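Peer 1: A single structure is presented below for examination.
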2 protein chains.
Amino acid sequence: MLPVVVVHGGAGHIPKERSETSTTGVCSAVRAGYAVLQGGGSSMDAVVEAVTQLENNPSFNAGCGSVLNIKGEVEMDAMVMDGKTLASGAVSIVRNIANPIQLARLVMDKTSHVCLAGEGANQFARSMGVPEVPLESLITDYSRMRWKKNLVPGANPVECQMGKMGTVGAVAVDIEGNVASATSTGGILNKMEGRVGDTPVIGSGGYADNEIGAVSTTGHGEAIMKITLARLILFHMEQGQSVEAASDLGLAYMKSRVDGLGGVVTVDPHGHWAARFSSLQMSWAAAQKNTIHYGLYTGEHFTQSIVEPR
Amino acid sequence: MLPVVVVHGGAGHIPKERSETSTTGVCSAVRAGYAVLQGGGSSMDAVVEAVTQLENNPSFNAGCGSVLNIKGEVEMDAMVMDGKTLASGAVSIVRNIANPIQLARLVMDKTSHVCLAGEGANQFARSMGVPEVPLESLITDYSRMRWKKNLVPGANPVECQMGKMGTVGAVAVDIEGNVASATSTGGILNKMEGRVGDTPVIGSGGYADNEIGAVSTTGHGEAIMKITLARLILFHMEQGQSVEAASDLGLAYMKSRVDGLGGVVTVDPHGHWAARFSSLQMSWAAAQKNTIHYGLYTGEHFTQSIVEPR
């Protein structure tokens, strides 16, 4: 059954004109992650590659294309977790970095800490030779338009949040049965400066444990944190629930207990996988046995074959 | 059985000359928290009052007395969580604030976010009229001595960490059966700038849920985060374990899985409580039925009566 990689491009309400780029983007990212696994790479390599692709794609709310905070700036959160050792690395409210997910991995690999925030994270980036990029290179016209729209007195923040709720993420199982999780985000539109969401929070934005499985989450960060969604889903799996049932139980609890919507991608160490959401939409894609699976609305499940490289 | 408040002053190895001030400090803090409950205050009011006392006491690694980071500065993390609504507030790597726990509560009460980090947290403090204090007012001679000692080439970081591993925290149950958790810390000695530990991370540094109970943790933050210690203990309680057994199961798992030591204070909504640790010591105190319970080494359990105010 294994290996597998599953990605999400964010839960929320995606405007019609952006649904095609969103679907194309997750399919492309999952292909890149799957190619890593096929080349003998680890699940950690695969999720970082998939999320890097999503960060580089301006259609998604992570890296280039991140939503803007109240001041019109970009502050990003990201996290990786390795199911073999429970090692984890995260960055929060980091600025001027093209690929926060790669910086999060460096925190895991090169420091004794799990999370670095703010200017300290940028100092660490410089010490590792990670280039800083101009703020403008992370901002799209679309992000700026939505930010301005929401500053207008009487603006409807829910409408403005449309299409920008999402966080991106990936989970994978490699040929050795190791699981990994990676999640990256620009946060929520017009957030306060310094706001940290669920993404860099172990157990909320993601979790990975070879003995259970791996989860990456998206949706309303404050709700996700209140119920530690990723860890909750894995607790259900520890008690015998399938990846799908456990994901649904976690999302249903989030709706009933704290009135929050979101979505998840989940795997177990055998390669079973699920992409589930309680929001109107979530762009997702999975790659396994040379087939890409993908969808956007509830119940959608398209497939296409991956042509083997000759 | 209820109401009750339980505090910890940090797990670790407390030098002999500091053990008395540490014990006096937790007993004094638990009295203050208990007085809030006796006056009809909420569990949230009680834990914030108890932790405020510990932050103000220079013997503890939170507020004044915080350990210094590699640059000799103070960056603090704190979190509160309300078991009734799962509402939570946190600040991370905040500077120049005397009582981060009160700022964390303001994040919960006055914003739509759960966590604010760095300069954004300080901006929020200013907007709320919370005064900023000079860095020097948070630094004790003892903290500076330990920091310098650890900068010497060939220093033994484990020895230098002695007596400064701890984070402070409190859990409580009020007369209505509402539970709350509060945790505050200066982090770990000579940490990198921007390092975020477990304390502001929901599910790791603390958790509170009226349907299960509340936990506040202390110990090696990176280990605590990897296993989401607070939420893990509450999962064991959901499955029928007592506060004591669940706490021990969580701590034993942290030792076996990620080789981490620490301690916790735990309550359930009926007022059962536990103070448990896998480290050599943890200063702790509990107040219930007009009696103070306290201890420092494994197996120690002293009691003294609280004289009722006339």
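Every residue, even glycine, has its Cβ placed from backbone N, Cα and C.
Curation plays no part in TrEMBL annotations; they are all automatic predictions.
Per TrEMBL, the feature active site, nucleophile maps to B:T167. Under the heading substrate binding site, TrEMBL lists B:R195, B:V196, B:G197, B:D198, B:T218, B:G219, B:H220, B:G221.
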Peer 1: Measuring Cα to Cα, how many angstrom lie between B:V196 (substrate binding site) and B:T167 (active site, nucleophile)?
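Peer 2: Distance between the two Cα atoms comes out at 13 Å.
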Peer 1: The residue listed as 'active site, nucleophile' to B:H220 (substrate binding site): how many Å between their Cα atoms?
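Peer 2: Taking the Cα atoms only, the residue listed as 'active site, nucleophile' lies 9 Å from B:H220 (substrate binding site).
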Peer 1: If we take B:R195, B:T218, B:H220 as the binding-site residues, which have a Cβ under 8 Å from chain A?
Peer 2: B:R195
Peer 1: Quick check: in three-state DSSP terms, what is B:G197 (substrate binding site)?
Peer 2: coil
Peer 1: Other than its own, how many Cβ atoms are within 10 Å of the Cβ belonging to B:T167 (active site, nucleophile)?
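Peer 2: There are 34 such Cβ atoms around B:T167 (active site, nucleophile).
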Peer 1: In which DSSP state, out of helix, strand and coil, do we find B:G221 (substrate binding site)?
Peer 2: helix
Peer 1: Using DSSP with the three-state reduction, classify B:T167 (active site, nucleophile) as helix, strand or coil.
Peer 2: coil
Peer 1: Does anything in the same chain, at least 6 positions from B:D198 (substrate binding site), have a Cβ under 8 Å from its Cβ, and if so what?
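Peer 2: The list for B:D198 (substrate binding site) reads B:S204, B:G205, B:T217, B:G221, B:E222, B:I224, B:M225, B:L229, given in order along the sequence.
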Peer 1: Report, as a single number, how many Cβ atoms besides its own are within 10 Å of the Cβ of B:R195 (substrate binding site).
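Peer 2: Looking across every protein chain shown, the total is 28.
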